[in-house]
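Worksheet for the structure shown next.
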Amino acid sequence: MQRSPLEKANVFSKLFFSWTRPILKKGFRRRLELSDIYQIPSCNSADHLSEKLEREWDRELASKKKPKLINALRRCFFWRFVFHGIILYLGEVTKAVQPLLLGRIIASYDPDNKAERSIAIYLGIGLCLLFIVRTLLLHPAIFGLHHMGMQMRIALFSLIYKKTLKLSSRVLDKISTGQLISLLSNNLNKFDEGLALAHFVWIAPLQVVLLMGLLWDLLQASAFCGLAFLVVLALFQAWLGQMMMKYRERRAGKINERLVITSEMIDNIQSVKAYCWEEAMETMIENLRQTELKLTRKTAYVRYFNSSAFFFSGFFVVFLAVLPYALIKGIILRKIFTTISFCIVLRMAVTRQFPWAVQTWYDSLGAINKIQDFLQKEEYKTLEYNLTTTDVMMENITAFWDEGFGDLFIKVKQSNSDGKIPNGDHGLFFSNFSLLGTPVLKNISFKIEKGQLLAVAGSTGAGKTSLLMLIMGELEPSEGKIKHSGRISFCSQFSWIMPGTIKENIIFGVSYDEYRYRSVIKACQLEEEISKFAEKDNTILGEGGITLSGGQRARISLARAIYKDADLYLLDSPFGYLDVLTEKEIFESCVCKLMANKTRILITSKMEHLKKADKILILHEGSCYFYGAFSELQSLRPDFSSKLMGFDSFDQFSADRRSSILTETLRRFSIEGDAAVSWNEGKMQSFKQTGDFGERRKNSVLSPLNSNRKFSVVQKGQQQMNGIEENDDEPLERRLSLVPDSEQGEAILPRSNMINTGPTFQGRNRRQSVLNLMTRPSVHQGQGMYRTGNAAVRKMSMVPQSQLSEIDIYSRRLSRDSGMDISDEINEEDLKEWFFDDVENIPAVTTWNTYLRYITVHKSLIFVLIWCLVIFLVEVGASLVGLWVLKETSLKDKANTTNNTYAVIITNTSKYYLFYIYVGVADTFFALGLLRGLPLVHTLISVSKILHHKMLCSVLKAPMSTFSTLKAGGILNRFSKDIAILDDLLPLTIFDFVQLILIVVGALIVVSVLQPYIFLATVPVIIAFIMLRAYFLQTSQQLKQLESEARTPIFTHLVTSLKGLWTLRAFGRQPYFETLFHKALNLHTANWFLYMSTLRWFQMRIEIIFVTFFCIVTFISILTTGDGEGRVGILLTLAMNIMSTLQWAVNSSIDVDSLMRSVSRVFKFIDMPSEEPLPPKPTKSKKNQLSQVLIIENEHVKKENWPSGGQMTVKDLTAKYIDGGNAVLENISFSISSGQRVGLLGRTGSGKSTLLAAFLRLLNTQGDIQIDGVSWDSVPLQQWRKAFGVIPQKVFIFSGTFRKNLDPYGQWSDHELWKVADEVGLKSVIEQFPGKLDFVLVDAGCVLSHGHKQLICLARSVLSKAKILLLDEPSAHLDPITYQIIRRALKNAFADCTVILSEHRIEAMLECQRFLVIEESKVRQYESIQKLVTEKRLYGQAISHSDRMKLFPHRNSSRHKSRAKITALKEETEEEVQETRL
């Protein structure tokens, strides 16, 4: 970054913002880069500001029992705030003085007041000077207040972040990530936007008092008639604001429904295409869109009338103020024009400035109180350690995550005779109820000496991770003692990668030791992976390590923990994402050899690890089930395996037991309004559900940490359009709304871009507390259905290295992986996409082509615009005719002039006043929009409807290769933020711009006709305005975009820190991350400060141009007007009106250009390539001579009920994810017989899922695949995919009923659906729910276990009558019971079908008749598993002893003595950990 010219700027340069000229020139000539941005002044640095506020806050905490954050802010910023307020008031006072001089100038042209004619020129000079003084005072004052608001935001940002790193884990469980983001974005934005408005809470009343005093002098008591009208108008606007809130609340629920479905569709676009559900999803989303648009139009109309009320009030307030006085006493023309000028200022003060100020104070004080409450929450307490201690010891430890019993726990406990609830992920949603009010750890005691390995085992939710948290100090014991040295290293269960290089992630701030570093890399088997990267270990990893596979991330996390030299190493299931072979090698080389002399506590579920441990601790429901050596375990606890596997699943309970659990669980659903649950005498009577299934429940029953708080299946449709707040004490919408959100802020005030302003929605998954964020896997770590090698296509996103900037390393690492609009709760995987926006290939300024294309989307829009222009021409024409009539009348009056010196309202001169009434009435009709505004707003919303439909169709038809280059968040932003702009902001902004620009043009025409000389001044002014706007816009839009990009790292860094908070604390890296956060803040500040400064430069230049114009008009009017106070009055009044209106029009034009960028982005998506059927290959075969007709309607397919057998032939298949990318599979050929069951094997990332995707034509493929002799080139794409049944690894359950999820097209009867549900073992599950098939699933089927979701996918395949079934690792997250159900269903329902099963566990493939092994992009075939195991020893090592005995019975002796069977503990899977407590 360059040094800022501000540092060396003189007073005048600072006053006129001339120091910004270099960046404006640079931005006009070429595209700006981050390196062009100036460094921030030291007074704006986050370090300086945070230290200042933190010192005052600490002082406040120390001195008072009830500390107030506002006191700390007052001590930091009060006097500057007062100083700028006084300057702002002096600038506003000039507005009240201007009408006095205007009145004197008009009076000087009275025929009977020739004495003052000589001083008219001096009065004109005075009037011009007032405008100059106002310009010189207002702009520095407003900029100073914005600058101070920015500094307050920065200081509070830092304070909140530092507090977040100190929060206790208990508090983190009660705060969602969405609330933290809301705290840092919505609430703090109020300082940026509103501080300049805050002073009007006292300036506006003073203005009103001053103006009413001046009006009393003119009109006496009748002046209060105008004020009364304005007060009524303000109340009317407040009422309209409340009405709009109601519409918005209702509409927010509908938007939420649509966006939830859209989000689910985008996230699962592979599944949508695989199931051929494009039309079904389009229909569902469009139906929701229709309902939403009805409310959108109502909201727009209310906002339109609210906006219009300000315009039409001008005429009425003058009319009501003047008419009573004129009827009683008569009135002279001077008083009329003076009153008009006074009322313009009075109207702004009463209807705009004061309501805005009150709203600003209400919102700001509310934000300060929220931040104050947050800053006083309980902090993490560092335990006292003894550095000389070598042992690790616990004595009778008991600990709670959260005290207090919930009603649900009590009732569930009463319904269970032994008071114990099974603890695994084998039921619907009832796991861990027993942990609700009970200790997470009970009476735990153990002792391990230096150098020993303690293996901790237990079922999911037994308290294993809680044990490590206790040792780290994250969980405070309520009883007992802990003893260790305090020198700890920690490896989280779910790998955490910070933005940075591979080396930085491993070293993590510890001093670099080359030998140790190389040893750790080698032990963690990272050498080979690192060597493949072009930059080796200096390769930059995006947030979360998106470019790495799950196994690579796990190994880097493990390497980080081992590299640190510590006394005690806590390893929380570090091998969860490694294949069996890699896990075995790393355990040996790393845990057993490299760390042999260190004390280690390893959480594991593997029998091999237990055998090699010095001590074993097995936990069950928080208690010590066993502690000792492995030799003791076999003799003392022979049943430990079956006990901890948790076979007591939901499906094995009695019907009464299941009904009881389900009843109690559903009873906790907080259903609002008509979505209530009624229960009668313990039996489910009814369960009404509205269509608002998109409204997601707030909390998860599955998380016992959250289970004492209510959640809802269908929330009330309250939504905060501009935020993501959740507060139990107040509704999502603010309680006070004097002005609608779109109306807040004067036109000259910049809008902060710290958060997107589109409507937000509740995302795809259940509410995430911060603790859940830390204790659940990153979404990257799920093995996606379609992935390849190291380039995981996760959410269709990749981060090309070439996109990374060269300036701010940390910021560039953070900013590239983010995006997505979510509402009141934002989920962890959505946060990184929350602030992302796709801006590539979008020009800095909206092109004329975009405007033209937008206008021609809807034919009616062209006619409406022509209609608006016709009405405008009629108005201007009528005004000119009126002027001509008045002029003619005036000439006649001069010839018959009388000695009447008392110009009452019925005099000839009052004809000018009648003309003003005429113009006012015309403007009133214009403002009301009876002929112009409403049709325009209505048509623009229709345009938005069409664009949404076109974009939805385009996205659904786009090939998967397109999605591999787009982010899910970027796509969803088009449907959320950009469509919201098209719905809400753009119609009203275009209306305002059209209205304002026509008012200005009309006024200019009238002024020019009244005084033709003025027209000569008008032309250069208009040219100067157009050139200046074009000059500024080119730079400002680029600065705005750079600011938007710089905003991303702030929030991404917060989420990254939260995800790795336990690791940060264990390594003591909080100061380092605070420094990185300040760096991200400073980067954003540099962009935002420069944008504010250039905007003020532009606003000031615009005002200087029109002050010049007003001076010219004033002097021309004074010098060329003879006897005729009417004409000079009209000229000067209209010129002053132009002054106040034109700047508003200029800002509206900039807003329109900025909002039209959303239209550009939407058009970019509409223009995406379409997924087309592959062209047929030229061949001599008769069946392929139908050319294009063959693709549309294949006769062979139609007549023979294709496919009839399911025989597949693959010839020379090559698959790539993107055009020009590396081939994942190359020249693969094999054949599969009809009805054969084929196993697909390979290590993680070898291409198993890729091959399944290639079968479905989801990738860029070459070669040929035939089904029953029919080539894929000769079959329509949809029909080809319908030949396959699919059970993807990433299960797709969308928000809707069971019926919709099974049969979205509504093709099957209830009898068929129940029959299939029974076949796959779903019937008993569905019957438990009220409404049965019509029960609405929300939040991706959150009330179902992963196994039940897999069964739904299986049922879809059965209903599809497919002859070929593709299964992508179906056993990955299943409990044994559900897996047995799937195996049974496969045998029965798909007995005569071809089954292709992708697995990396050989145990799951014992029943396959044939095997395909993928290695190095090639496929090898094996006819039997015995042959596979014999030839591939690596796979043989992965088979358990019991399975080996089944495969090779001849090798086993019957003379072996039987002994107690010991099997491995059930592996904890990603889904289980998500749905259970620590």
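One-based numbering along the chain as shown.
Note that Cβ sites are derived from N, Cα and C of the backbone, with glycine treated the same way.
According to Swiss-Prot, the features are:
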{"type": "TRANSMEM", "residues": "78-98", "note": "transmembrane segment"}
{"type": "DOMAIN", "residues": "81-365", "note": "domain 'ABC transmembrane type-1 1'"}
{"type": "TOPO_DOM", "residues": "99-122", "note": "topological domain 'Extracellular'"}
{"type": "TRANSMEM", "residues": "123-146", "note": "transmembrane segment"}
{"type": "TRANSMEM", "residues": "196-216", "note": "transmembrane segment"}
{"type": "TOPO_DOM", "residues": "217-222", "note": "topological domain 'Extracellular'"}
{"type": "TRANSMEM", "residues": "223-243", "note": "transmembrane segment"}
{"type": "TRANSMEM", "residues": "299-319", "note": "transmembrane segment"}
{"type": "TOPO_DOM", "residues": "320-339", "note": "topological domain 'Extracellular'"}
{"type": "TRANSMEM", "residues": "340-358", "note": "transmembrane segment"}
{"type": "BINDING", "residues": "Trp401, Ser434, Gly458, Ser459, Thr460, Gly461, Ala462, Gly463, Lys464, Thr465, Gln493", "note": "ATP 1 binding site"}
{"type": "DOMAIN", "residues": "423-646", "note": "domain 'ABC transporter 1'"}
{"type": "REGION", "residues": "654-833", "note": "region 'Disordered R region'"}
{"type": "DOMAIN", "residues": "861-1154", "note": "domain 'ABC transmembrane type-1 2'"}
{"type": "TRANSMEM", "residues": "861-881", "note": "transmembrane segment"}
{"type": "TOPO_DOM", "residues": "882-917", "note": "topological domain 'Extracellular'"}
{"type": "CARBOHYD", "residues": "Asn896", "note": "N-linked glycosylation site"}
{"type": "CARBOHYD", "residues": "Asn899", "note": "N-linked glycosylation site"}
{"type": "CARBOHYD", "residues": "Asn908", "note": "N-linked glycosylation site"}
{"type": "TRANSMEM", "residues": "918-938", "note": "transmembrane segment"}
{"type": "TRANSMEM", "residues": "990-1010", "note": "transmembrane segment"}
{"type": "TRANSMEM", "residues": "1013-1033", "note": "transmembrane segment"}
{"type": "TRANSMEM", "residues": "1095-1115", "note": "transmembrane segment"}
{"type": "TOPO_DOM", "residues": "1116-1129", "note": "topological domain 'Extracellular'"}
{"type": "TRANSMEM", "residues": "1130-1150", "note": "transmembrane segment"}
{"type": "BINDING", "residues": "Tyr1217, Gly1242, Arg1243, Thr1244, Gly1245, Ser1246, Gly1247, Lys1248, Ser1249", "note": "ATP 2 binding site"}
{"type": "COMPBIAS", "residues": "1447-1460", "note": "compositional bias 'Basic residues'"}
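Everything Swiss-Prot records as a feature, shown here on the structure.
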{"residue": "Trp401", "record": "ATP 1 binding site", "DSSP class": "coil"}
{"residue": "Gly458", "record": "ATP 1 binding site", "DSSP class": "strand"}
{"residue": "Lys464", "record": "ATP 1 binding site", "DSSP class": "helix"}
{"residue": "Gln493", "record": "ATP 1 binding site", "DSSP class": "coil"}
{"residue": "Tyr1217", "record": "ATP 2 binding site", "DSSP class": "coil"}
{"residue": "Gly1247", "record": "ATP 2 binding site", "DSSP class": "coil"}
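Across the topological domain 'Extracellular' (320-339), mean pLDDT in this model comes to 80. Neighbour density around each Cβ, counted as other Cβ atoms within 10 Å, peaks among the binding-site residues Gln493, Ser1249 at Ser1249.
Secondary structure of the topological domain 'Extracellular' (320-339) per DSSP, as helix, strand and coil residue counts: 17 helix, 0 strand, 3 coil. In this structure, Trp401 is the one among the binding-site residues Trp401, Tyr1217 with the smallest number of other Cβ atoms inside 10 Å of its Cβ. Taking DSSP states H, G and I as helix and E and B as strand, the topological domain 'Extracellular' (217-222) has 6 helix, 0 strand, 0 coil. Note on proximity: of the binding-site residues Trp401, Gly458, Ala462, Lys464, Gln493, the one nearest Gly1247 (ATP 2 binding site) is Gln493, by Cα distance. If you measure from the Cα atom of Gln493 (ATP 1 binding site) to that of Tyr1217 (ATP 2 binding site), you get 30 Å. Reported as a whole number, the C-alpha separation between Tyr1217 (ATP 2 binding site) and Lys464 (ATP 1 binding site) equals 40 Å.
Here Gly458 (ATP 1 binding site) is positioned 32 angstrom away from Ser1249 (ATP 2 binding site), judged by their C-alpha atoms.
If one looks beyond the topological domain 'Extracellular' (217-222) by at least 6 residues along the same chain, the residues whose Cβ comes under 8 Å of a Cβ in the stretch are 103, 321-325, 328, 335, 338-339, 342. The local packing around Gly1247 (ATP 2 binding site), expressed as other Cβ atoms within 10 Å of its Cβ over all shown chains, amounts to 28. Take the CB of Gly458 (ATP 1 binding site) and look out to 10 A: across all protein chains shown you find 26 other CB atoms.
Counting every protein chain shown, 26 other Cβ atoms lie within 10 Å of the Cβ of Lys464 (ATP 1 binding site).
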